[in-house]
Every structure is written in structure tokens, then in C-alpha cells.
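Visitor: For reference, the structure I am asking about is given below.
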Amino acid sequence: MNLQESRDRLTQCLQKSHVKTLDAEVNRMVSSTVTVTSLRRDFDQDLEEVVENSKKAGVLALLAVAEHAGEFEKIISLSQRFPGASLEDLDAALPIIEKYKDQLVAIGEVGLDFTPRYIKSETDKDTQRQVLIRQAQIAKELDLPLNVHSRSAGRPTIHLLKEQGVEKALLHAFDGKPSVAMEGVKAGYFFSIPPSIIRSEQKQKLVKQLPLENICLETDSPALGPEKQVRNEPKNLSVSAEYISRIKGVSLERVMEVTTQNALRLFPKLKAAIRP
């Protein structure tokens, strides 16, 4: 089944069902499910069209996450048009968090990145850990979920979150072993799956082992699309949903319904942003 066929099938399911989808990360969250997405310059020229295409694909809500402090106000402004916001850089973020705490959906993107070509010493790793500890504390104080990045650091990230008593977390595009992910499942964490699953054996193995009740959909737009070097968009949630349904041996409708409810449990403030 090609990409267009996957999208067409999702549209048919949406027309037959009351269920809608959420894309958990733009960078990542909502189609009868939720998507998360990064608000990069890739979308500066056609953001309105991207959002409209997402709606046509059945996406109910988008959760935008910041990659640096300069994006905070931009995301807050976007949230006033398309509600939903998530923040990152600690020092710069604190006054913004305080100002908009009642509007925030999550704290993120936070986490650990131990990619060898970037991280050369234990000191670098420890610095990241200390920042993540403080971010976890802030999230707990505000009773907000964490949107977590854990590249080449799946086990230490999950262990740190558990040590800090974090109960609500979304680990996006998790690149670790399924056995490590199951430690997160036991802690009640969710894992969001991008459209790149169609070309990632690691993601396919991950989905095979993860309970559907711990899975959300994401796009991580503009990255992690079904095709390399092609801009990803929230509408591609249908690709993730379709592939998960195949791996799990359940209907597409079931994937849509469960992942949507998972996203709404993790991000309850999104309920107010979703219109019938």
C-alpha cells in the first residue's frame, strides 16, 4: 500500500467513525490520533496550508515543541491561533512558563542526547542530566507531562525520569531496544511513533512489543517522514497509523481510537482545543 492509499484509507475510516486523530509532536500530536511537530523555518512559507492539509487528513490537534528559546514566543503566538504549546530551554523558559502556565500543554522538548559524535565526556552527560532533573521538577510542580528526547540514551533517560518520580511522559521517536522501552511502559510512559516506521526496522520491532495502550502517533515534522529528504507533515500520521495496524494485526479504526485516547489522557488540555 502506497502513501496515498494509506491516507485515503484513513479518510474513509474517519468518514465511517466518530473517532478523530491526534498528532502528538508539530513537532508531534493529532489525526484520529495526536501528533507532535517542531516549528522550524521549513513551515514559515506555508504554515496555513500545512494546518489545512492536516485537518483534511483528519488531524484534530497539533502540539508544537520548541527547539530553542527563540521559538517560545512564536509558539505561544501560534497557540493563540491553533491552541497548544510546549517549551524547552530552561533559563530562558522559566519566565515564559510562569507567564503562560495555565495555557501550557506540556514541558518539552527535553531529555538526553548521548550521540557519540556530539557528546565526548561524562561531564557533558552529567550537565544534561542536571538540566533534565530540573525540567522534571518543573513539570511535576505544574502537573504537566514531559515531551522527551532520548537519542542514544534510552535507558539512562527512563531511569532518570523514574528516579525523579515523573509519572507523565511521552518518549518520542525512541531509538532504544524494545526491552528498554518496556521499562518505560511499566512506569506508565507513552511512546510516539513517526511515519519513518515504514523504513525503520528498529521502530517496527518497537511497535511489535509495545502495548497499543502505550502508543501515540507523531510526525516529528519536518523530520522523520516516510521518505528521506522529503519534508514531513502532520497529515502523514495516516502512514504511522496504517503501519501500526499491520504490525499489531488490528484494524486501523482501533489504532486511531486507542492512540487518540492515549494522547488525550497524557495531554488532557487538548480536549478543550478539539472541536466536534
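Using the three backbone atoms N, Cα and C, a Cβ is placed for every residue, glycine included.
Pasting the relevant annotations from TrEMBL:
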{"type": "BINDING", "residues": "E109, D220", "note": "divalent metal cation 1 binding site"}
{"type": "BINDING", "residues": "H149, H172", "note": "divalent metal cation 2 binding site"}
Visitor: Counting other Cβ atoms within 10 Å, pick out the least crowded of the binding-site residues E109, D220.
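Guide: Relative to the other binding-site residues in E109, D220, E109 has the fewest Cβ atoms within 10 Å.
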Visitor: If you count other CB atoms within 10 A of each CB, which of H149, H172 wins among these binding-site residues?
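Guide: Output for this query is H172.
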Visitor: According to DSSP, does H172 (divalent metal cation 2 binding site) sit in a helix, a strand, or coil?
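Guide: H172 (divalent metal cation 2 binding site) sits in a strand per DSSP.
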Visitor: How far is it from H172 (divalent metal cation 2 binding site) to D220 (divalent metal cation 1 binding site), counting Cα to Cα, in Å?
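Guide: H172 (divalent metal cation 2 binding site) and D220 (divalent metal cation 1 binding site) have their Cα atoms 8 Å apart.
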Visitor: Indicate whether D220 (divalent metal cation 1 binding site) is helix, strand or coil by DSSP.
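Guide: Note: D220 (divalent metal cation 1 binding site) is coil by DSSP, not helix or strand.
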Visitor: Measuring Cα to Cα, how many Å separate H149 (divalent metal cation 2 binding site) from D220 (divalent metal cation 1 binding site)?
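Guide: For H149 (divalent metal cation 2 binding site) versus D220 (divalent metal cation 1 binding site), the Cα atoms are 11 Å apart.
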Visitor: For H149 (divalent metal cation 2 binding site), which of the three DSSP-derived states applies: helix, strand, or coil?
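Guide: Where H149 (divalent metal cation 2 binding site) sits, the three-state DSSP reduction gives strand.
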